[in-house]
Amino acid sequence: MVFGRRTLAVSVLTVLASTLASNHVVESLAGPLASNPDPFVTYHDGWYYLTGTAGSRIPLKRAKTLQDLKTTPSETIFTNTSEPGLPNEAYWAPELHRLEDKWYIYFSARYTGKNERMFVLENANNNPLEGKWTYKGLIDPTNDRYSLDGTILQLRNQTYLVYSGIGNGPKQNLYVTKLKNPWTVEGNRTFIKGPEYDFEMRDSTVTEGPAILKKNGKVFLTYSGSACNTNHYSMGLMWMNESDDPMKIESWHKIDHPVFQEDAKAHAFGPGHNNFFKSPDGKEDWFAYHATTTNKDGCSNRVTFTKRVDWDANGFPVFGTPSEPGKRYGVPSGEPAVYSNSTLANGIYLIQAASDGRVVQAKDCSYNPNTPTVFVANTKDICQQWKVQAATDGAYAFAPLKGGRVLGLKDCKTDASSPAVTLNPNGKSCEKWHLRKQSNGNWLITSAANADIHLQVGKGTTANFATLDKPQYKLVRLE
């Protein structure tokens, strides 16, 4: 049985709006959008929702545009202490699905000393950030073995759970099983496919992170091959006809090469664990995925990106290459304008010291997180350009066009010793800034987390935000 309409997921992209004085708005995105590995985005009733892996808790945020997700803080909607007897660690890869007019979150977790199993939460409120999340328990208590990354397939009045798990050997395979209701398995699981090609067996024999996309009379299933601690982590693709039975292994056809993989020139490594979502007007297919931006980062520093799916002449999806961090591209069709306010128009700016004309950039133009900011001579190089975006709380975020992260206080410490660095975006106040225009046309830039901390031209080439002095800046708009 089908439990209700599922609004498919979105991704976490960065929407950049340049709001000109003429009210002409140029919309674009630039990743990363969030710091979550295993991202899942869905669009429902005019809102994007984003969740992903965050330790022993499940985070959730919502925004009207993908870009606004970058400056919106997450709320913790469930933790390992929300109820007695819960699994106590590794709350991985949560997915938010709308079934039978209720919200369900499928996630994996583990008890100390055991490996991962899949669990379900339920919320009857139309807004999943409100109401109560009820723990529905282990989704398949009769199959007590390693399993994770569950996702939903709805086909011909039947709902299925597709997930990654193990059988009698060490390989991590893909399985499908019917659901009797959103939290209960019906019958036995069916093996779909397992690791067999080189790209699925780098470091570990893994196929995980399944995602479903239905179009052109076919069911497309993407997955990630190999382990996340290798740059070779990448997306594979299999498919079946919509008229076939997903519980039969012969229904599924698998492509023998990755369809989305690392691109060192774009500073994109280990891209994968995606999900799909529709644009607000329903005309485009998009996917969210994680990647690292530096070589050999392994499973650390995985951040969220989004990208549009294209289609070839045979009706198959084309994923292209991963997005370069900070590079701008078009927004999903049907999106409203990104949030703006009257203090300063969204756009691309130089942050220039009024005292000597030097400008701020990430040291060595680095893509790495936690990179110090420095002051250099103004050449208008792309490394010196910042996407300035208003947040709904009245503050602003500054994201470098090279690297795409956000300017904030190191370790989110709000004391006088906190230097300015580029951070993975989480929407926290330590990543945002208040702007106050002075009578001479210059600006004061203060931390949204502590108004006493001003952006200051420090000694040498270090940009020192940890100061009670009040230096002034020119915000020079480039576009």
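Heads up, the Cβ atoms here are built off N, Cα and C, so glycines get one too.
Database features, via TrEMBL:
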- Asp38: active site, proton acceptor (ACT_SITE)
- Glu208: active site, proton donor (ACT_SITE)
- 383-466: domain 'Ricin B lectin' (DOMAIN)
- 1-21: signal peptide (SIGNAL)
Entry from the active-site residues list Asp38, Glu208 having the most other CB atoms no farther than 10 A: Asp38
Distance, Glu208 (active site, proton donor) to the residue listed as 'active site, proton acceptor' (CA atoms, angstrom): 11
Composition by DSSP (helix, strand, coil) of residues within the domain 'Ricin B lectin' (383-466): 8 helix, 34 strand, 42 coil
Average pLDDT across the domain 'Ricin B lectin' (383-466), rounded to a whole number: 87
